[in-house]
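A.B. asks: The structure is given below, and queries will be raised subsequently.
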């Protein structure tokens, strides 16, 4: 009960934690789902409705497990996700008369480590794509790998060496502003027809950026066009399509903020009103924040896909012209927000790495060199980011392997 944050402050901060780089790959998830379905206006509407339903269902479940984690932390008197996991596993072990908490603790630490690793990898990939386009207007032969290498050495490495990250806190506001601005611009470009066939003013600037093909112009035709005319569209062709699992996996990553659930609950201040802290947190903070995130994700991803269709890139901003000033501003804002968010996520990766080293007893050293560990981790992430270019693949794989465990499986096991 020693928190000082009000409900509106908590709502704003939680929305800021949820909405991030995952937004940029959601339109591609819809494009993957559409690629094996029938075409036509009716099918397009059903596709968007089905996608929004999946976004809403995943958001609702994520909100429930977010609240669940906070409840379990309150029950176990713990203040972090990792400590909550360890405490509950010890309780389960003691109640069953055998010891397994060590392996369970290792599992939780491994999950946290992998999640932070996937997050930093995603950030590096987005930064490479974003700044390559921005720099290409001034430096003709700038490559994705070279741009990322320069960013890592000159900017990310020094930031990741900072011990006190409190000075970076004000820049976190840039993140949500950048994402909201990006969502607005995606909507503006859809409604003003700048990329609409056949006379969109930016169509002449586009180059091959499509999903799984060399298509660059907006495309809504499918391989099943001829067969589609003989069958009526049904929502089940999307909801029960195996490719819907890719969108679901991306959403598992997009909604992840669950490591901070104990922090948000503890920081909410008590009031003298009749409503309890639990009610204000679960109903006022969590429900409102996830509802806003669901609406934002659903609307922006639908507008992004509706602009480019099957040509939607794995990172939606890659679809737009380099001569589009509004999008260039968006790229800069997103890139700037990720730069200052990077060390905040990276410190979790370093902590997780040290925790794993200690648990696996790889070394007996209690103190690990901050600079050497930073170099090792950043080099590995940068190497991976230069060779992996499909953001949809990373988002869906990390969501399938990590997101589902951390926000769906582990919380229910703990409870």
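Cβ from N, Cα, C; glycine included.
Under the heading domain 'Amino acid transporter transmembrane', TrEMBL lists 4-414. As annotated by TrEMBL, transmembrane segment applies to 14-34, 46-70, 106-126, 147-165, 171-191, 281-305, 325-349, 394-414.
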A.B. asks: Quickly jot the same-chain residues contacting the transmembrane segment (281-305) by Cβ under 8 Å, restricted to those at least six beyond its ends, or write none.
C.D. replies: 7, 10-11, 14-15, 18-19, 23, 26-27, 29-31, 34, 48, 51-52, 55-56, 59-60, 62-63, 66-67, 70, 180, 182-183, 186-187, 190, 251, 254-255, 264-265, 268, 312, 316
A.B. asks: What stretch, picked from 14-34, 106-126, 147-165, 171-191, 325-349, has the most CB pairs under 8 A with the transmembrane segment (394-414)?
C.D. replies: 106-126
A.B. asks: Can you tell me which recorded stretch out of 14-34, 171-191, 325-349 has the most Cβ pairs within less than 8 Å of the transmembrane segment (106-126)?
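C.D. replies: Result: 325-349.
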A.B. asks: Do the transmembrane segment (171-191) and the transmembrane segment (46-70) come together with 3 or more C-beta pairs under 8 Å, pairs six or more apart in sequence?
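C.D. replies: By the criterion, they do not touch.
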A.B. asks: State the non-local partners of the transmembrane segment (14-34) in its own chain: residues 6+ outside its ends, Cβ under 8 Å from one of its Cβ atoms.
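C.D. replies: Those are 47-48, 50-51, 55, 122-123, 126, 172-173, 175-176, 179-180, 182-183, 211, 222, 238, 241, 243-244, 246-247, 250-251, 253-257, 260, 264, 285-286, 289-290, 292-293, 296-297, 300-302, 304-305, 308-317, 334, 338, 341, 391-392, 395-396, in sequence order.
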A.B. asks: Please report, as numbers and ranges, the same-chain residues at least 6 past the borders of the transmembrane segment (147-165) whose CB is under 8 Å from any CB of it.
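C.D. replies: Cβ under 8 Å, 6 or more out: 124, 127-128, 131-132, 135, 339-340, 342-344, 346-347, 370-371, 374-375, 378, 382, 385-386.
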